[in-house]
Amino acid sequence: MASKKRGEVQLQIQTNLRSPTYEHMRLWRDIYIQGITAWFLQTVINSQSLWEEMLQNKGLTVIDVYQAWCGPCTAMQPLFRKLKNETNEEKILHFVVAEADNIVTLQSFRDKCEPVFLFSVNGKIIAKIQGANAPLVNKKVITLINEEKKIAAGEMVRPQYPDILLIELEKTRKKPERERYSIAIIKPDAVLKRKAQEIKEKITMAGFVIEAEEKTMFTEKQVRDFYSQIADQPDFEEFLSFMTTGLSNVLIIAQEKEQDQVEENETELKETSEPPTESEVKKWDSLQKYLEQQHISQFCDVEDDEANVTKFTDVFFPDFKIAKGKKLQRTLALLRPDLLEKQDDVLKVIKDEDFEILMERQIVLSEEEAKMLCKEYEKENYFEALIEKMTRSPSLALVLLRENCVQHWKELLGPRTVEKVSEYHAESLCAQFAMGNLPINQLYGSDSMEAAERDIECFFPPENTLALIKPHVTREQRAEILKLIKEEGFELTQMKDMLLTPEQVGKIYFQITKKDFYKDIVEVLSEGQSLVMVLTKWNAIVSWRRLMGPVDPEEAKLLSPDSIRARFGINILKNAVHGSTNHYSATVNSNALFEEDAGEE
């Protein structure tokens, strides 16, 4: 029957292949899901009517609840096949996959990253397990099957299971019909004075959520659009100059409004021994009023009008809705020394699983770093040998990006030791890449999003460098260079447009002030405004110099044709950009141009 249905679907797609639509794409996806679920003996449930039909099953039905964007939990399918074969109870044990997106009863599971497994006995949902916890799911299935056998044999009475609320749980929660956003702009003077972080912390303490952030230098048009309500004021042109010559922070702000979040905050306030501050007690409805109460409104402007918020979100955050829906995460992955000889095979798996590698480096771990990454093995008798191996040879550290990245990488890894590999872990990376004389998983992954950010900062510590776009570069070329900077993963920590004085040029080029050509550099930089920036990234100094290209634009065109100097340089003096050569010069250069501003009040 299933084979006939797949054949009908394939014929329908072939008939309409010349004009594919969204429905055809869904049909292709259904063929794929039907194929893999047939192999693993799972039935596809992707509508409310099929859900109601599934509830007529007698015995136990194990339901893998999934979302269309991520698909069923493939890591658990070997376990389900094993259970089906070992129990041999086709009449009382069923496995299905249910798409939450199209089933009203499962609407509370939409937009959730973690896998969920429901257990239905004779049409009643009696248990729920969150996460791909194979041992727990295995135990639950065996227990329920044994109960069904005893009930059928008259050896026990059917237990009274507590109700597992699904759609009802969603109805009792007080949620806004639609999330509303504000745009906040932390102005250039606050960024220069290093007040931006303090302002963001105050915003989050007041119950607001920073959904997205972009550091940018406004164009004249953007300032006129955002501040059109004050364009007729006499000092607007001066304000326009102020906003277009320094770096601003643009934020998308939302407010936590769910009732359970409010109750949680109230509970925390009751339990604390310290008297709460006004901002902790009050649930602020207006970000603008809160900023005024905190005496920081002069540093941060707010736009609440829905139409304007939408317009400016499209300008500054064109991918905001897509990114918010995808829930992209980062995690740290590490290949231990024994596995480096097979790193190409591992990298292929990473690519096939749709991970993007943001950063990578080979590193010989210090003893402290090795003990941090191997903490789960510290009670094993081979722990000292493991630390010795980890600190003697290089490991490969990677930063991975993907939807549900932390959980998916952990599922791929499998158990922490080879001894714990069972049939339902047979396809895990632990099983595939078992090697060496230590019985451990040869790969590491961060345990949580918080741990991932700590791990990444530890192994890829951010570094600052000074960057300068020279006066001869046009506004249009500046925009292209800034786009390249962002695409290379740099964070714009500081930025301002300024006419450099001979004294400031001397601080930037302090290493060559005695050279004959130094006076020519001063002359070139005195021709107009330079855009001065502090760029932040792991290995920022080397990365920026690579992006700039060779000093001579003609040489750059031959050796590095995609570099900034090859594309925008005119000659050796007017070669578009400058960058620090080492940590010392980066620190001296940055302090010379930005520390004075940071100290001003």
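If you go along the chain as it appears here, the first residue is 1 and each next one adds 1.
Note: Cβ is positioned from N, Cα and C throughout, glycine not excepted.
Heads up, TrEMBL stuff is auto-annotated, nobody curated it.
Owing to the predicted nature of the structure, the values given are computational and were not obtained by experimental measurement.
As recorded in TrEMBL, the features of this protein are as follows:
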type     : residues : note
COMPBIAS : 267-282  : compositional bias 'Basic and acidic residues'
DOMAIN   : 328-464  : domain 'Nucleoside diphosphate kinase-like'
DOMAIN   : 465-601  : domain 'Nucleoside diphosphate kinase-like'
REGION   : 259-282  : region 'Disordered'
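Taking H, G and I as helix, E and B as strand and the rest as coil, DSSP gives the domain 'Nucleoside diphosphate kinase-like' (328-464) the counts 66 helix, 33 strand, 38 coil. In terms of DSSP secondary structure, the domain 'Nucleoside diphosphate kinase-like' (465-601) contains 69 helix, 25 strand, 43 coil. Across the domain 'Nucleoside diphosphate kinase-like' (328-464), the prediction's mean pLDDT works out to 90.
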